[in-house]
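Reviewing the structure listed below.
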Amino acid sequence: MGKTILEKLIPKSENGSSLVQLLAIFTASLGGFSAGAQLAWLSPAVPQLLLNTSYIGPITIEQASYFSVITPVATIASSFFVANATKVFGRKLVIGFMAIPHIASWLLIATAKSIVSLYVARAVNGISDAVNFCAISVYVGEIATPTVRGRWGNIPMCAILLGHLSVVIVANYCDLVTTAYIFLFAPLLQLLLIATVPESPYLLLMKGRTLDAKLALEELRWKTDALEELYDLRRDVQRQISEPGTFRDLFRTPTNRRALIFIIAIITCQEYSGMSAFIVYSQRIFELAGVKSLSPGESSMIFFAFLFSFSAIASLFVGRYPRRIMLTFSSFGCTISLLISTAFFYIQSETSVDVGQLNWVPLFGMVSYIVFLTTGLSLLPFLMIGELFSASIKNHAMFVANSYMALTMIIVPKLLQLLLAHFPLYAPFLLFTFFSLASTVFCYFFVPETKGKTLEEIQRLLGTHGRAQEERLINDSRNEHLPTVD
């Protein structure tokens, strides 16, 4: 068999290289970039579509509100099939497939003649979102070494956030048709690159394809021989196959059930603080806020720039600190930021006080909200899934958590739209302030601390109630000198 171009340029060696792993992560992350762009596209699109000069004709805010509903409905409907497809057809093929719905969605947006075409585009995009939820993190986790995963494992999340920022910037200077054509580049590039990356060796071993797994592992590590790692991986696969790991075990085992309840509760704290609603309607909010120093589009770009940059920075250090403390701090900070915005909008709407000199407050409130959100609520829920569940049950827990998140992304943006339509601007901010305050209390008193604990300690902790038992378990673990994992 002849050598590839890459192998001619960089020959394989005993020490290996992480180049192919990075290429695989980048290729998968292109799907995340497209998913992020599709979600945040609503922020600049909704105000433009509400105008009489809209390229499909004017629409109502009620009609526009269904854009944020259709995609997560399609995501939930297709998630089960996508999750099974990753096992039957492989992670690589399914990740490559997600480019096709993204291409179709952007083309439908670019060529739309009516709102129906945009609704179909949002539904088609929901299929790709299901792949983003079910396949990308699994693939990256299975193909990367611990070192590569530690340094670059946050790229898929950063790609989603970069998609948010990019589409808002482009749409602020281009019309929606041009924007759609521009963003075709990401799924087209993903289709081109997916053929160059290997399948997950973990999946190949589960299918009994040992030789294919060996070749994939050697390509991923860029080594002439990866037999030792292959043997270790095969033992891990055999152990996980022997462990119980069905959906029934997720709900039947008390510790798994309690862990799932905690994850669902933390996602509720995340979403009902307003996160997805602000992503969808940020530009609309700035329009209603009457910020005069900057245009709504410019304010929205600043909002998404802070979301991207602070999430990227926080992803490097947030996992190093106690989970409960960070979640509590994040929730309390969001509460204060939202309370500041609520007070401003109330004074602006319900009093005769001139707030003209304070028109920077809405942007300050939203930016400070983002800063606090990224310190815990936006990043930790899915990090904790890896700590609360054993490997054999983790994928099932991830599926349930992602489906629930998609459900909240139906409810919360629609709730914001209804409140904006029937109440002054301070009303939704007051509601999200209340939820964030409730999250602060919940995170401090009820969320289990998983930082620095073994899975055995966490399982024991989930079988107890109250802070006193947790402190006793911590002292017991110190006395027993159990090894811990950060």
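Placement of Cβ uses the backbone N, Cα and C atoms for every residue, glycine included.
What TrEMBL says about this protein:
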DOMAIN    24-451  domain 'Major facilitator superfamily (MFS) profile'
TRANSMEM  66-86  transmembrane segment
TRANSMEM  93-112  transmembrane segment
TRANSMEM  118-140  transmembrane segment
TRANSMEM  152-173  transmembrane segment
TRANSMEM  179-197  transmembrane segment
TRANSMEM  259-281  transmembrane segment
TRANSMEM  301-318  transmembrane segment
TRANSMEM  325-348  transmembrane segment
TRANSMEM  360-385  transmembrane segment
TRANSMEM  397-420  transmembrane segment
TRANSMEM  426-447  transmembrane segment
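Between the transmembrane segment (426-447) and the stretches 66-86, 179-197, 259-281, 301-318, 360-385, Cβ pairs under 8 Å are most numerous for 259-281. When the stretches 66-86, 118-140, 152-173, 179-197 are ranked by Cβ pairs under 8 Å to the transmembrane segment (397-420), first place goes to 66-86.
Only sequence-distant pairs (6 or more apart) were considered; of these, fewer than three Cβ pairs between the transmembrane segment (325-348) and the transmembrane segment (179-197) are under 8 A, so the stretches are not in contact.
Across the candidate stretches 66-86, 93-112, 152-173, 301-318, the maximum count of CB pairs under 8 A to the transmembrane segment (179-197) is reached by 93-112.
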